[in-house]
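This report refers to the structure that appears directly beneath it.
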There are 2 protein chains.
Amino acid sequence: MSPSRRSPAATGNLLYAQSGGVTAVINATAAGVIEAARGKGVKVYAARNGILGALREELIDTSKESAAAIAALRHTPGGAFGSCRYKLKSLQDNRAEYERLIEVFRAHDIRWFLYNGGNDSADTALKLSQIGKALGYDIRCIGVPKTVDNDLAVTDCCPGFGSVAKYTAISTLEASLDVASMADTSTKVFILEVMGRHAGWIAAAAGLAGEGADAPPHLILFPENAFDEAAFLAKVKATVERVGWCTVVASEGVRNAAGQFLAEAGTRDAFGHSQLGGVAPVLAALVKAKLGYKYHWALPDYLQRSARHAASQVDAEQAYAVGKAAVDYALAGMNAVMPVIVRTADAPYRWKIEPAPLAKIANREKKMPKNFISRDGFGITAAARRYLAPLIRGEAPLPYGKDGLPRYVRLKNTAVTKKLMAFGR
Amino acid sequence: MSPSRRSPAATGNLLYAQSGGVTAVINATAAGVIEAARGKGVKVYAARNGILGALREELIDTSKESAAAIAALRHTPGGAFGSCRYKLKSLQDNRAEYERLIEVFRAHDIRWFLYNGGNDSADTALKLSQIGKALGYDIRCIGVPKTVDNDLAVTDCCPGFGSVAKYTAISTLEASLDVASMADTSTKVFILEVMGRHAGWIAAAAGLAGEGADAPPHLILFPENAFDEAAFLAKVKATVERVGWCTVVASEGVRNAAGQFLAEAGTRDAFGHSQLGGVAPVLAALVKAKLGYKYHWALPDYLQRSARHAASQVDAEQAYAVGKAAVDYALAGMNAVMPVIVRTADAPYRWKIEPAPLAKIANREKKMPKNFISRDGFGITAAARRYLAPLIRGEAPLPYGKDGLPRYVRLKNTAVTKKLMAFGR
């Protein structure tokens, strides 16, 4: 890897923006960025609602926040400055947007841009570094990894994933203890639906809840495999007959052999629309219709990716570390790179941060290796356990108030005075 | 209150059974029972799968478990000996079942029976104490309170409720931070469905997540109020327009003006059955159809009542205390009573345990006071906050393993040798 290095920009401000779906630890990355920059005497602006804030010139002056508030970001879920789902078009299709960003950077003396997101964001940061050069504006663009989906290329894992993995493993374990208690007269099949539209990383993490044929989860349904109804029903039946009950963890992205999402195949809501999400209720109906078992299902949705109260310490530390490294790289004059996590040992788990070129990350997607899924398609392998186990280790510290709730911070988010005309009017 | 007191039974064994839906802390009650009995030299048998284990003579010898294993019950969710949903018929309809229980008690020298459950279980314990007397068998029956629904009469609150309340408040807070971050371009309305088919205690607890018109949850839907679609939509719309987003917490038991559960009104699954549970997707579809907002919804189901990882310390302490008190009452010769929680002060919160006659608890249901719901029907009042706030305080201690998972115990559950013929053959 050969990230381009130039001499550090002498002075200026640093802009940090959050992108895409937020996580339990993306604010830990923000804390890493702001604390590292403060340590070097560099002012950090944050874009309100991600890249949209940069386009709209809606910037937040983080120097107005106390050190305690910034430190508290380290344990506060969600996106403290707002995020957005907004993908910039290609340079060809909407060069004006890129030029606007450079215009905003120029107006506020932004010399470093840190974009905290997934592969789309890596692409945006890469393009911005290119157009900056074309327009003669010296800007260093650093991508900062974030995604619960764990699908970024190059990096060994993505900050945000370890915590949703831990939440999922704990929830699978706890709900299974409940089901096991009640199975004699009540629920025999429990189905937990987890995020993962294209890759089964989160579903796979549920496998950490137990090991061996009789331990939950008894079946994991991955988006990587076409749903085989007969095999699914046979395994659920065999599990209930052997164990007395059965826990299924299903990725939201499970598809049938025709490639349709199971969650959308055939069900209609009260208004005649196709079913509004939920592969779990579809599977539950199938189990009831074909096997007659009493079931329950759960769909934690946003609860899983915002559950800072069950965050992984490894994940929280990595999230902070990539933020700090991004500032180090930027101030050292690097451009178009991302700090990635490199695993140097499985047991004991060791990792370090290294820069990797955005060109190798932008718009790519890391699939789960085929050898992570067991032969019958319903479980994880020893290789998957070796990879996943370290990522959920440790309990990230979290202060609670006397009221019994976590002490999450709410920033002041003081706006920076605008200097430009509104964009696109 | 005047629980009947007789002289203590001189010797014999104590039988403990868990009943109905389990909780994050019912095993803390089991730990309280077993540790207190051990302290007095009394052997504790546990019924496998609740009262069914007693009918089937499937008893577990808890003396085979180490002190460490019993201590670990204090932090292990689910029902360690199995529970069941099985309501004994009335004495008139099935006297044979009651006589069988006495027969099993006699065979195993059971002199004290502790039944850990809700109002049905209180009724069973009461009837058993009566039939014991009628059959000339000296048995002391104690009800031990447990239910996430918080609907037991006499007691100020029910062990199990405080923890699901805390989980719900934390989850509401966390998911709302997520929604707030994304609302500019993505989800504007988030709907969290919680347990509570007949009473809105759990939904009300979500109100602890925030205070004031702009803090989440912005709407709570209670089963106590008929669903008013127009008022609901108007408040969601006003909230989104004012705050930018909206969090709704809905009790699973929300009904329309005709008394039908919203979760069952009108929706059909792939097999033509009425919708398989879930008021949240029904509300989400309504919001989308009538207001056009992007939504997400979550249905944590068993996750909420098994979430020992987010349990309330007050709840865990009370769960343990009622178990210990039940043994004290039984060995002191009391009969047909339940240890109940008496609140002696709101701030600072103080409570004590007292015996109350089962006759005042059996088959009754405590409704949420009308003055706990705000005037517009969508929030909680200051009176509700005063009642609820202490119940989620403190974080119940929980040891984690090096693997990042809670160290939940699995008991050996050694069977006691049967002495009788099988029942009902």
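From the backbone N, Cα and C atoms, a Cβ is placed for every residue, glycine too.
When other Cβ atoms within 10 Å of the Cβ of B:Gly21 (diphosphate binding site) are tallied across all protein chains shown, the result is 24. Taken from TrEMBL, the feature diphosphate binding site covers B:Gly21.
Secondary structure at B:Asn119 (Mg(2+) binding site), as computed by DSSP, is helix. Marked as Mg(2+) binding site by TrEMBL: B:Asn119.
TrEMBL lists B:Asp120 with the feature site 'Important for catalytic activity and substrate specificity'. Contacts of B:Asp120 (site 'Important for catalytic activity and substrate specificity') defined by a Cβ separation under 8 A and a same-chain sequence distance of 6+ are given as B:Ser19, B:Gly20, B:Lys87, B:Asn363, in order along the sequence.
What TrEMBL lists as site 'Important for catalytic activity' is B:Lys146. Proximity of B:Lys146 (site 'Important for catalytic activity') to non-local residues of its own chain (separation of 6 or more, Cβ distance below 8 Å) is seen for B:Gln18, B:Ser19, B:Gly20, B:Thr23, B:Ile26, B:Thr29, B:Asn116, B:Gly117, B:Gly118, B:Cys158, B:Pro159, B:Gly160, B:Ala319, given in sequence order.
The substrate binding site feature in TrEMBL is assigned to B:Thr147, B:Val148, B:Asp149, B:Met195, B:Gly196, B:Arg197, B:Glu252, B:Tyr302, B:Leu303, B:Gln304, B:Arg305. In the three-state DSSP scheme, B:Asp149 (substrate binding site) falls into the coil class. Over all protein chains present, the Cβ of B:Asp149 (substrate binding site) has 25 other Cβ atoms lying within 10 Å.
The active site, proton acceptor annotation in TrEMBL covers B:Asp149.
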B:Asn119 (Mg(2+) binding site) and B:Leu303 (substrate binding site), Cα-Cα, nearest whole angstrom | 23
Distance, B:Asn119 (Mg(2+) binding site) to B:Arg305 (substrate binding site) (CA atoms, angstrom) | 18
Report, in sequence order, every one of the recorded positions (B:Gly21, B:Lys146, B:Gly196, B:Glu252, B:Leu303, B:Arg305) having a CB within less than 8 angstroms of a CB belonging to chain A; if no such residue exists, report 'none'.
-> B:Gly21, B:Leu303, B:Arg305
Long-range Cβ list for B:Gly196 (substrate binding site), cut-off under 8 Å, min separation 6+ in sequence, same chain only, gives B:Asp149, B:Ile202, B:Ala203, B:Pro223, B:Ser251, B:Glu252, B:Gly253
If you measure every Cα to Cα distance among B:Thr147, B:Val148, B:Asp149, B:Met195, B:Gly196, B:Arg197, B:Glu252, B:Tyr302, B:Leu303, B:Gln304, B:Arg305, the residues said to bind substrate, what is the biggest one in Å?
-> 17
Using the structure shown, find which entry in B:Asn119, B:Thr147 (the binding-site residues) has the sparsest Cβ neighbourhood within 10 Å.
-> B:Asn119
Over all shown protein chains, what is the count of other CB atoms within 10 A of the CB belonging to B:Arg305 (substrate binding site)?
-> 29
Quick one: Cα separation, B:Gly21 (diphosphate binding site) versus B:Thr147 (substrate binding site), in Å?
-> 7
Note down the number of other Cβ atoms within 10 Å of the Cβ of B:Glu252 (substrate binding site), including every protein chain shown.
-> 23
